[in-house]
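Trainee: As annotated by Swiss-Prot, heme b binding site applies to 46, 65, 93, 96. The O2 binding site annotation in Swiss-Prot covers 62 and is backed by similarity to another entry. Annotation source Swiss-Prot lists domain 'Globin' at 3-145, citing sequence analysis. Taken from Swiss-Prot, the feature N-acetylglycine applies to 2. Per Swiss-Prot, the feature nitrated tyrosine maps to 26, 31, 134; the stated evidence is similarity to another entry. Annotated phosphoserine per Swiss-Prot: 46, in sequence order.
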(Lines of atoms letter the chains of each structure in order from A; the text may use other names.)
(Lines give C-alpha, C1' and ligand atoms only; values in the text may rest on other atoms or scores of the structure.)
Protein backbone atom coordinates (compact mmCIF):
# COMPACT_ATOMS: atom_id res chain seq x y z
CA UNK A 1 0.00 0.00 0.00
CA UNK A 2 1.25 3.48 -0.79
CA UNK A 3 1.28 6.23 1.78
CA UNK A 4 -2.11 7.29 3.09
CA UNK A 5 -2.36 10.94 2.16
CA UNK A 6 -3.54 13.99 4.05
CA UNK A 7 -6.42 14.22 1.58
CA UNK A 8 -7.50 10.62 2.17
CA UNK A 9 -7.42 11.17 5.93
CA UNK A 10 -9.42 14.39 5.53
CA UNK A 11 -12.01 12.61 3.37
CA UNK A 12 -12.50 9.89 5.98
CA UNK A 13 -12.64 12.40 8.85
CA UNK A 14 -15.12 14.75 7.17
CA UNK A 15 -17.41 11.93 6.11
CA UNK A 16 -17.26 10.48 9.63
CA UNK A 17 -18.56 13.84 10.82
CA UNK A 18 -21.43 13.52 8.31
CA UNK A 19 -22.19 10.06 9.75
CA UNK A 20 -22.25 11.52 13.27
CA UNK A 21 -24.97 14.03 12.32
CA UNK A 22 -27.58 11.26 12.55
CA UNK A 23 -26.10 8.20 14.22
CA UNK A 24 -29.48 6.51 14.89
CA UNK A 25 -30.50 6.71 11.21
CA UNK A 26 -27.12 5.65 9.86
CA UNK A 27 -26.84 2.84 12.42
CA UNK A 28 -30.10 1.45 11.02
CA UNK A 29 -28.74 1.70 7.47
CA UNK A 30 -25.53 -0.04 8.55
CA UNK A 31 -27.02 -2.97 10.49
CA UNK A 32 -29.93 -3.45 8.09
CA UNK A 33 -27.40 -3.77 5.26
CA UNK A 34 -25.41 -6.34 7.23
CA UNK A 35 -28.49 -8.40 8.04
CA UNK A 36 -29.74 -8.28 4.44
CA UNK A 37 -26.47 -9.81 3.24
CA UNK A 38 -25.81 -12.09 6.21
CA UNK A 39 -28.88 -12.76 8.37
CA UNK A 40 -26.83 -15.02 10.66
CA UNK A 41 -24.89 -11.93 11.75
CA UNK A 42 -27.83 -11.26 14.08
CA UNK A 43 -26.38 -13.92 16.39
CA UNK A 44 -23.02 -12.10 16.57
CA UNK A 45 -24.47 -8.91 18.04
CA UNK A 46 -26.50 -9.27 21.23
CA UNK A 47 -28.12 -5.88 20.62
CA UNK A 48 -29.70 -7.19 17.40
CA UNK A 49 -31.71 -9.85 19.25
CA UNK A 50 -34.88 -7.77 18.82
CA UNK A 51 -33.98 -6.44 15.39
CA UNK A 52 -32.52 -3.14 14.27
CA UNK A 53 -33.79 -0.61 16.80
CA UNK A 54 -32.46 2.95 16.39
CA UNK A 55 -33.38 3.74 20.00
CA UNK A 56 -31.10 0.99 21.33
CA UNK A 57 -28.01 2.77 22.71
CA UNK A 58 -25.90 -0.39 22.28
CA UNK A 59 -26.70 -0.48 18.56
CA UNK A 60 -25.87 3.17 17.98
CA UNK A 61 -22.86 3.02 20.31
CA UNK A 62 -21.38 0.04 18.50
CA UNK A 63 -21.87 1.66 15.10
CA UNK A 64 -20.26 4.90 16.28
CA UNK A 65 -17.35 2.94 17.76
CA UNK A 66 -16.77 0.93 14.57
CA UNK A 67 -16.93 3.96 12.28
CA UNK A 68 -14.69 5.81 14.73
CA UNK A 69 -12.15 2.99 14.63
CA UNK A 70 -11.99 3.26 10.84
CA UNK A 71 -11.57 7.03 11.13
CA UNK A 72 -8.79 6.48 13.71
CA UNK A 73 -7.17 3.95 11.37
CA UNK A 74 -7.06 6.61 8.66
CA UNK A 75 -5.25 8.91 11.09
CA UNK A 76 -2.78 6.18 12.03
CA UNK A 77 -2.14 5.35 8.38
CA UNK A 78 -1.41 8.99 7.60
CA UNK A 79 0.85 9.38 10.64
CA UNK A 80 2.78 6.10 10.60
CA UNK A 81 1.63 3.98 7.67
CA UNK A 82 0.29 1.24 9.94
CA UNK A 83 -2.71 0.49 12.13
CA UNK A 84 -2.25 -0.61 15.73
CA UNK A 85 -5.23 -1.89 17.71
CA UNK A 86 -5.95 -2.97 21.25
CA UNK A 87 -5.36 -6.74 21.56
CA UNK A 88 -8.82 -7.13 23.11
CA UNK A 89 -10.38 -6.20 19.78
CA UNK A 90 -8.61 -9.12 18.14
CA UNK A 91 -9.67 -11.44 20.97
CA UNK A 92 -13.35 -10.53 20.63
CA UNK A 93 -13.28 -11.22 16.90
CA UNK A 94 -11.38 -14.49 17.45
CA UNK A 95 -13.89 -15.64 20.09
CA UNK A 96 -16.73 -15.02 17.67
CA UNK A 97 -14.77 -16.79 14.89
CA UNK A 98 -15.22 -13.89 12.47
CA UNK A 99 -14.28 -14.90 8.93
CA UNK A 100 -12.97 -12.99 5.91
CA UNK A 101 -16.39 -13.00 4.20
CA UNK A 102 -17.90 -11.43 7.32
CA UNK A 103 -15.32 -8.64 7.23
CA UNK A 104 -16.33 -8.04 3.60
CA UNK A 105 -20.03 -7.80 4.51
CA UNK A 106 -19.21 -5.21 7.17
CA UNK A 107 -17.06 -3.25 4.72
CA UNK A 108 -19.84 -3.18 2.13
CA UNK A 109 -22.35 -2.03 4.77
CA UNK A 110 -19.93 0.62 6.00
CA UNK A 111 -19.43 2.00 2.48
CA UNK A 112 -23.19 1.99 1.80
CA UNK A 113 -23.76 3.89 5.04
CA UNK A 114 -21.07 6.50 4.38
CA UNK A 115 -22.40 6.95 0.84
CA UNK A 116 -25.84 7.73 2.27
CA UNK A 117 -24.38 10.03 4.94
CA UNK A 118 -22.39 12.19 2.50
CA UNK A 119 -24.96 12.25 -0.32
CA UNK A 120 -23.67 14.05 -3.41
CA UNK A 121 -20.16 14.35 -1.92
CA UNK A 122 -19.67 10.61 -2.53
CA UNK A 123 -16.84 9.84 -4.93
CA UNK A 124 -14.53 7.00 -5.93
CA UNK A 125 -11.76 8.78 -4.04
CA UNK A 126 -13.84 8.94 -0.86
CA UNK A 127 -14.83 5.29 -1.23
CA UNK A 128 -11.21 4.27 -1.75
CA UNK A 129 -10.05 6.16 1.35
CA UNK A 130 -12.62 4.37 3.52
CA UNK A 131 -11.81 1.01 1.90
CA UNK A 132 -8.09 1.34 2.59
CA UNK A 133 -8.65 2.47 6.18
CA UNK A 134 -11.15 -0.36 6.81
CA UNK A 135 -9.00 -3.01 5.12
CA UNK A 136 -5.98 -2.02 7.21
CA UNK A 137 -8.07 -2.06 10.39
CA UNK A 138 -9.44 -5.51 9.47
CA UNK A 139 -5.90 -6.76 8.78
CA UNK A 140 -4.76 -5.50 12.20
CA UNK A 141 -7.72 -7.23 13.88
CA UNK A 142 -6.99 -10.51 12.07
CA UNK A 143 -3.31 -10.26 12.96
CA UNK A 144 -4.30 -9.95 16.63
CA UNK A 145 -6.40 -13.19 16.50
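Every residue, even glycine, has its Cβ placed from backbone N, Cα and C.
Have a look at these and tell me how they're positioned relative to everything else.
Mentor: Summarising the environment of residue 93 (heme b binding site), the number of other Cβ atoms within 10 Å of its Cβ, over all protein chains shown, is 20.
According to DSSP, residue 62 (O2 binding site) sits within a helical segment. All protein chains considered, the CB of residue 62 (O2 binding site) has 18 other CB atoms within 10 Å.
In the three-state DSSP classification, residue 26 (nitrated tyrosine) falls within a helix.
In the three-state DSSP classification, residue 31 (nitrated tyrosine) falls within a helix. Long-range Cβ contacts of residue 31 (nitrated tyrosine) within its own chain (separation 6+, distance under 8 Å): 45, 48, 52, 59, 63, 109.
Take the CB of residue 46 (heme b binding site) and look out to 10 A: across all protein chains shown you find 9 other CB atoms.
Note on residue 134 (nitrated tyrosine): other Cβ atoms within 10 Å of its Cβ, all shown chains, come to 23. The secondary structure of residue 134 (nitrated tyrosine), as reduced to three states from DSSP, is helical.
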Trainee: Which residues, in sequence order, are found in the same chain with Cβ within 8 Å of the centroid defined by the Cβ atoms of 46, 65, 93, 96 at the heme b site, excluding those residues themselves?
Mentor: 44, 45, 62, 92
Trainee: List, in sequence order, the same-chain residues at least six positions removed whose CB sits under 8 Å from that of residue 26 (nitrated tyrosine)?
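Mentor: Once residues fewer than 6 apart are set aside, residue 26 (nitrated tyrosine) is near 19, 63, 113, 116, 117.
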Trainee: Ten-angstrom check, please: count other Cβ atoms within 10 Å of the Cβ of residue 65 (heme b binding site), all chains counted.
Mentor: 9
